[in-house]
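Annotated features in TrEMBL:
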- 50-75: transmembrane segment (TRANSMEM)
- 179-374: domain 'Peptidase M28' (DOMAIN)
- 414-435: transmembrane segment (TRANSMEM)
- 447-475: transmembrane segment (TRANSMEM)
- 452-663: domain 'Endoplasmic reticulum metallopeptidase 1/1-A TM' (DOMAIN)
- 487-513: transmembrane segment (TRANSMEM)
- 525-545: transmembrane segment (TRANSMEM)
- 551-571: transmembrane segment (TRANSMEM)
- 583-607: transmembrane segment (TRANSMEM)
- 619-640: transmembrane segment (TRANSMEM)
- 647-665: transmembrane segment (TRANSMEM)
- 677-909: domain 'Endoplasmic reticulum metallopeptidase 1-like C-terminal' (DOMAIN)
Amino acid sequence: FFSCWFPQIEITDDRAGDSSELYISNIQSVVGVYCLNGGYPSGRSKSMKIVANIFTLELLWCVLGPGIGIGVYFLTYWNWNSLPDGVYLTDVDTSSEERFVAERALNDLGTLTSRGPRVAGSETNERFAVDFLYGAIEDIARQAHSEYEISYDVQRVGGSYFLDYDDYPITSYYRNVQNIVVSVVRRSSFSGKYLLLNAHFDSAVTSPGAGDDGTMVVVMLELMRQLTQNTKSTMQHGVLFLFNGCEENTMQGAHGFVSGHPLAQSVAAFLNLDVAANSGREIMFQSGPNYPFLMAYYRDYVRRPYANTLGEEVFQMGLVPSFTDYETLSKEGGWPGLDFALSSYGYLYHTALDARETISAGTLQHIGDNLLGLVSALSNAEELGNMQDHREGTAVFFDFMHLFLVYYTETTGLIINILLGVFSLALIVGTLFMFVRKDGAVGTNVLFEAGMALIVQTLSIVLGAGFSVLIAVIFDACDRSMSWFSSTWLLFGLYFVPCIAGLTLGPFLYVHFRKIPFLHDQGRVILFLHAQHCIYAVLLITLSIGGIRSAFVLLFPVIFYCATTIVNMIIRFRLNIWIYVHLVGQLIPIIYFCSLTVTLFAVFIPMTGRSDNRSNPDLQMGLFSALLTLLLVGLLTPFIVLFRRKLYVFGTLLLFFLVTAIVAATPEGFPFRENISPERYYIFHQQRNFYWPNGTLRDSGAIYYLHPQDRHTPELLQSEVPEWSNAKTLDDECERELYCGIPFYINRYHRQSESSHWLPALEPPVFPEPVVFQFLSRESPAPDRHRLYFSVQGPSHMSLYVSPLAGRKLVGWSFSDQIPPSGKRWKDQNVYFVNFFSGSLDLTPFTFYIEIEQSPSNQSPDSSLFYLTVVAQYMHHDKAFRTREFQTLLDKMPKYAHTVAYSGYMESWIF
């Protein structure tokens, strides 16, 4: 491991005026003194010089060190991907134990997905899926033990609510949404309170929804079977199963239950079950709020925990481009709960490839085993009977290798973090005092070197992150971004390695160019390690005071470095031995951060394929890599000082980077793979009609609209499909027309309008359910107010844009009692967006009114009041309604592409 056990020491004595070489057999007795105290062997002049390289690491560790690291990473990866074997019906026949049966859930999933996509409003969702679930629930009720009372109904509900999204808020209005609600209570011991389990059975456009959210739907069915056939459970509280039929369209099903079902007022807590991937483990990524006892039950009754506060805070910061029913149940219902989701490698999420074949028995078994234990425990939890007595604040939680869960309240975490941070800083001071306790003058030098080490380490971190950012910018400029999208391993060579080089370059250059006679290389390494530890400790304190619960990740390096430092202080940093102690102490943090690395990349890499084309995803991954590199090797890189052939280390890093960069430029670095990690395209065939205030048509036409999803849109498409080479941007259309004159399904799509493209369409789209929009009447409730009545009929998914003209104000409408805040303004006018959904298969006209207040200075009866745009989306209609031109264009899409394509309609009026 070490190159020199008996190094040569050169001593110069100014008093004698001569120089001699001394070989010391017992190096610990001499070097140990000066290494700790910053002093010199007794009886010698302070001008004597000790060769810097008394202790070096063999070049072997250039290979062995990374080899061990890679080995630890793959062991962690194996653990992370390990799933239980699925339980089959034959296993149940030979066992008396109550067990979740994955095979039965898989069979249910096959039936649920057999008819293709279940888009809300479609016949498949509103009739087939409802009938299947209702029949399955009836079978479960017939087989249930007589101790259980099972009641169920199909809720058909309407309502409205406001979603306060930044710049693009939504008023969500819905009619005839269908939910299936099942109540399970034990006849002899029902407290009147319920634990709610929620999953949605509708799916995204084109998607069979095997993962999202068919997986959780069939898990709930199997949980219901197991709970109602268990004769041993006491089950003090009821369990309420909510199969909601409209989540993909602004979570309307969950809101309908909260606002309209009589059992909603009896709910005490909930578990929300959702999916953003097709495999792996379910992560518990949101808890509470304010009821950390839920985490105690999760810790005690979940077999294989997978939970992290970091996921909760990242989600709540809006870094994940998704929403779940958790927000609706928590905010609208006011209930505490836990949010679960499959989230790893979500390449097929919301695509036609999200099929039954992508879901493994192991995944279902993992979810079922965990939830069966948790639901059984919570249905007997005393806390659910009196929730207000257990309100304590938010929790900090994380699992270690899925073996056990650590959780504590945020207040406890704040105290722990600050105390540990202060103790860490005090420990650093204590070790420095050990260095200088015998000589004040040398102590000044050591303190100066400690300060310089802190500066060098800080600059090294900046340099490492800077390397990652620079490479991200260069690769993006060369149109090679996202080379790691399908080949994740490329991230390590492209971003981890340069960051490691930056972290090691600082200590290397400082020691190389600043030679000091009073401190051995090992002592200088200790100062660099102390500096890195100081940075961790300061960050731990700062983030904790700032209310960032994810600061807990810094506890791993802080706690274990403190522990090894205390041991090394006891043995007085004995030469050679202290390094072993330090390296052993880094093992647990490295294992944890390897697991965290796998998790972050498995979640966030697929998301870069369904986000935006304006931002550089390599920049995001580069910064992630820099942060993870700092956590993984921040307390190892200073050992570069002890390497004998330091340039070989940098040569190895450079070689690894160059090889990876070359591979990234080959087909291996092409981001997308057919049927595995496809590139997503949204292409809409849209008819747009614009009218003058007098009702005459001012403009009309059909277009193909391309909504961007990743950094390579539209460049890759233009290279594959020649027609898209003639695509145009919207340019000044966004100034002329409300929402750029585009029939957006969701108004936040407008955020990417400047980077969207369109083509003129020769053939107008065909609409199976044409929009019928009528102005009915006008009245004046007051001299300065005008109420206009309208009727509209169309497909299940529609929207309205409303924008009062200058000097006018929206004061009333049919969609809510109060007028919500405006979204992003247009021409200095307020803009309101209404998402309108009807779940009825028999479409009927909908009548609504809009009331405008006109300023007294403009009371002309002929003056216009507001813009009104009616939008319709034909999301679940058969491909037979596509025009030949549209289908021909879609047939030219590359094989690695997944395309969501449907027709849209818009008519814009000024009243």
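Just so you know, glycine gets a Cβ as well, placed from its N, Cα and C.
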Between the transmembrane segment (619-640) and the stretches 487-513, 551-571, 583-607, the largest tally of CB pairs under 8 Å belongs to 487-513
Here the mean pLDDT of the domain 'Endoplasmic reticulum metallopeptidase 1/1-A TM' (452-663) is 95
The recorded stretch from 414-435, 525-545, 647-665 sharing the largest number of CB pairs under 8 A with the transmembrane segment (447-475) is 525-545
Stretch winning on C-beta pairs under 8 A with the transmembrane segment (551-571) (pool: 414-435, 583-607, 647-665) is 414-435
With the cut-off at Cβ under 8 Å and a gap of six or more residues from its ends, the chain residues touching the transmembrane segment (414-435) are 36-38, 408, 443, 446-447, 450, 523, 526, 530, 533-534, 536-538, 540-541, 543-545, 551-552, 554-555, 558-559, 561-562, 565-566, 569, 572-573
Long-range Cβ contacts under 8 Å made by the transmembrane segment (487-513), restricted to residues 6 or more beyond its ends, are 52, 452-453, 456-457, 459-461, 463-468, 471-472, 475, 521, 524-525, 528, 601, 605, 621-622, 625-626, 628-630, 633-634, 637-638, 640-641, 646, 649-650, 653-654, 656-657, 659-661, 663-664, 668-669
Per the Cβ under 8 Å criterion, with at least 6 residues separating them from its ends, the transmembrane segment (647-665) contacts 59, 62-63, 475, 480, 483-484, 487, 490, 492-494, 497-498, 500-501, 504-505, 508, 640
